Ligand code: BGC
């Protein structure tokens, strides 16, 4: 992929936005970005401090780059004065998540890049909104109402995360959203009938909002026109709660509210079995370090090169029809992220395919197990698995689901 953005511009843009400035609480004026591009390093910190004191909900928009086709990509940065999130219109991608640790020290805890070419060429879905179908469809093929559809395969013989050019590689429309209690961005994308082989024109809006209590709420909505289709949207943010690029997540403690999971074959396609976690390394009902059993001899850990499995979420729903799905805790700095969702499953992925071949946003190589993803969703390969909850969406129906990531410390 050609380096279509002049390198210097990439660096200047990143400098203006990221690394300090993105942590800034005072985000109301785009003039701030222009000034900071050439200004001394102290300024962003001063802004960050101001934001933290006022606890204000603020948002700003800045240019992030241009695609080879000449489409402008923006970065939206929104904050509640404590947590600051940057999102790109490229892939409706979470680029940065800055949260304080137990002692109030703020770091970026999400993996990503500081420039668009790296997202386009290198990203294993860092922070991206995934569609039309999250995770794998066996051989990229499924039959719906008697018609067989073929998605271009991009993961061995299977289709992963919507095929070769999924929603993560599209430039989404963006609209700022604000309430008294929250601020964020509504991203929308219309996927034409037949795109990546999927039937029906799918209109999708995914709204990301941050409230004053450090909840990042993701509301997914979609409708289809013309033909029925299958939909499974998720977000693929990777976290390291000690800071991105800081090493392994082996010591992160995980509590996962699931009493079963869906074992997979060598191509990571579910076998169709719903297997109990009890007595296996997949049981995280009692909080357990991720690394505690990762190197054991369970065949499913070997097949997945670690955890790369869909968990069947259980238990009662609590507020808003959502249920507690998982809590991750990094004991050293004390950051936590807690996930609530209305989805039936979640892919817990221990960063097995990160292999140190490229540098991330903080100029550190990401190696195997340096981050985790927890993708709330329907089960992989549902279009071919009659005993899994259905992912079919028909004209006239609305697909609507919600997931909340809550940032905290303990
Ligand atoms: C998949 C992994 C894949 C990762 C990044 C996860 O959702 O289950 O197998 O490597 O996404 O592409």
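Cβ coordinates come from backbone N, Cα and C, glycine included.
TrEMBL annotations: computationally assigned, not manually curated.
Residue 236 (active site, proton donor) carries neither a helix nor a strand DSSP state and counts as coil. Using a 10 Å Cβ-Cβ cutoff, residue 236 (active site, proton donor) registers 25 neighbours. Taken from TrEMBL, the feature active site, proton donor covers 236.
Under DSSP, residue 375 (active site, proton acceptor) is assigned to a strand (E or B) in the three-state scheme. Here the Cβ of residue 375 (active site, proton acceptor) has 25 other Cβ atoms within 10 Å, regardless of which shown protein chain they belong to. Under the heading active site, proton acceptor, TrEMBL lists 375.
Within 10 Å of the Cβ of residue 135 (beta-D-galactose binding site) there are 29 other Cβ atoms, across all protein chains. Reduced to three states, the DSSP call for residue 135 (beta-D-galactose binding site) is coil. For 135, 136, 236, 237, 238, 308, the entry in TrEMBL reads beta-D-galactose binding site.
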Check the binding-site residues 136, 237, 238, 308 for any whose Cβ is under 6 angstroms from an atom of ligand 1, and report them in sequence order. 308
Which whole number of Å gives the largest C-alpha distance between any two of 135, 136, 236, 237, 238, 308, the residues noted as binding beta-D-galactose? 18
